Amino acid sequence: MTRISRSEGLSVNSSQFTLGGEPFHLLGGSLDYFRVPRAYWKDRMMKMKACGINTLTTSVPWNLHQPGRGEFQFHGGLDLETFLHQAVGVGLWVILRAGPYIGSELDLGGLPSWLLRDRQMKLRSTYPGFTEAVNAFFDKLIPKVVPLQFKKGGPVIAVQVEREYGSFAVDSDYIPFLKEALQSRGISELLLTADSHEGLKSGGVSGALRTLNLRKLNYDDIKYLEAVQPNSPMLVMEYWTGWFDGWGDLHHTFPPEDMVAVVREVLRRGMSINLYMFHGGTNFGFMSGALANRSYKALVTSYDYDAPLSEAGDYTPKYHLLRDLFSRYSSLPDMPVLRWKESYEAAIMYQHLFLWDALPFTQEPFKSRTPVNMENLPVNNNNGQAYGYTLYETSITTGGFLKSGNSIRDRALVFVDRSFIGLFDYKTVELAVPDGKEERTLSLLVENCGRVHYGRTIDHQRKGIVGDVLLNNVPLRDFTIYSLDMTQSFIDRSVRSLPNKPSFPAFFQGRLFVDGYPGDTFVKLPGWSKGVIFINGQNIGRYWDVGPQQALYIPGPFLNSGINQVTFVFFRLKQIVSLYFASPIHPLILTTSVVPAEEKHSHSMMLPPPCFTVGIVFIEC
């Protein structure tokens, strides 16, 4: 970074910002460290710098940093301090979105699920149970940030207080509480709030700059911000460069020319802007959130966002148009060379385990007269179950009609004596149970598809079975409950040798061979239905054949040269049409394909050509 006075940080002076006492035009881009492999942080930052970006914005995911009360993680891919130091090396300033709520299409908006163990919990408020948890988290987080503030020689020029609280606004004391929580722990740089038009007034707080979130440049929005906050520079804190996708929807795109036209007009008006997202990355694992507008909609694993840098860090037409525009304001460094993408041979599957054969390897099951939701299960040091699946079993002695009401969150495969009889979700709430007078086992395998990340239903995001399930209008009772959180330790304990006729739902484990230095690739699963994929213990994310996402991104740093362990956890019951088997000595080899350029778009999520493919073929029962 150029030498600059550190005596005065980012300041608001009438119609412009100053930094170090000099005029400063903020050109920002959002890049979240937890959505990008640590090995690629610098690469993505250098591409931002080469485009003309001078400020990086990043969000802090509380749920990842504190998976349980008293458990904090700030290492590896969550090493925020190293991420901020790398920004210094590249020459980028930083705006830190410290939370505690960040939204960002993350599960529960980045809040930890263990908060929901408290039945009276009121998230995003001054409810004592929430503020106590926030204070405990900030006691760990903020001391890591304080030395990296601008006036102390670091890159952090501003800190955002919460996100879009104006549209939530249930507690007028909440934002002032957060402001005090930050400043009392040593945050001395400029504070910001960020809201859309309707939340600008109620989402702000005295002493913090109000900023605007938008997709299209509406002059009424600008005039309203000027009226609410006169004599201040204008900052579009979130200019949405694209949008996120839900399972079963079409892929969202935003024409490059339209996006750049708005940026051009913002600059013409002398306003500052932050591009959300500049690089979206990937919601690895179970991190994707969900929508609750009208009906529940789970979000895909990819967070490509149709951003200027693609999910895999490739340049897009948006990037080139932005670089051309920003180059008119200053000279730019050369664009970094792109990383090579690789095509690999098919994964070789050699181990399998039927779901019920895996149960002895789980934690001790929990018995309860009534159903218990995931978050309140007595597991994980009494932090409950955050993600994955939960199996509920009880005995029945009759057939009839099974009604879920609104008690299944979010999908459940239903079995009688391990035979599949149907599916519960938000639309299907009644199933027929075959007649039978003898005692049988009714099993409900419930999947948490992701908690809603935005809106007023956020307090009601408990998962699993959250109320009564009725058989012939009589509530089911006396459950045995298995927590299947899909941690790697559970997977390693569970998977065994591959039988000639594998049953479903099931776990498959196999090998992918990488010759030479690993490169980025994509895994495609034609014929598979729904499940989760692990590569060398890393949860790559959810897969679902309803699309629009047709392939999952596998970063090169997740692969090893030589043998790689691949685990597929598939819970959607299917009937096998064609499947090639072999003994462990001659393992099952699955089909492979590389997608031709003319077939990149499907439904219409782009599928990059380099990939390896898993090709067991199924049809619906």
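Every residue gets a Cβ built from N, Cα and C, even glycine.
Since the structure is predicted, the reported quantities are computational estimates derived from the model, not experimental observations.
Over in TrEMBL, the protein carries these features:
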ACT_SITE  Glu164  active site, proton donor
ACT_SITE  Glu238  active site, nucleophile
DOMAIN    16-328  domain 'Glycoside hydrolase 35 catalytic'
DOMAIN    384-485  domain 'Beta-galactosidase 1-like first all-beta'
DOMAIN    505-564  domain 'Beta-galactosidase galactose-binding'
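Between the active-site residues Glu164, Glu238, the minimum number of other C-beta atoms within 10 Å of a residue's C-beta occurs at Glu164. Within the model, the domain 'Beta-galactosidase galactose-binding' (505-564) carries an average pLDDT of 92. In this structure, the CA atom of Glu238 (active site, nucleophile) is 10 Å away from the CA atom of Glu164 (active site, proton donor).
Counted with DSSP, the domain 'Beta-galactosidase 1-like first all-beta' (384-485) comes out as 3 helix, 51 strand, 48 coil.
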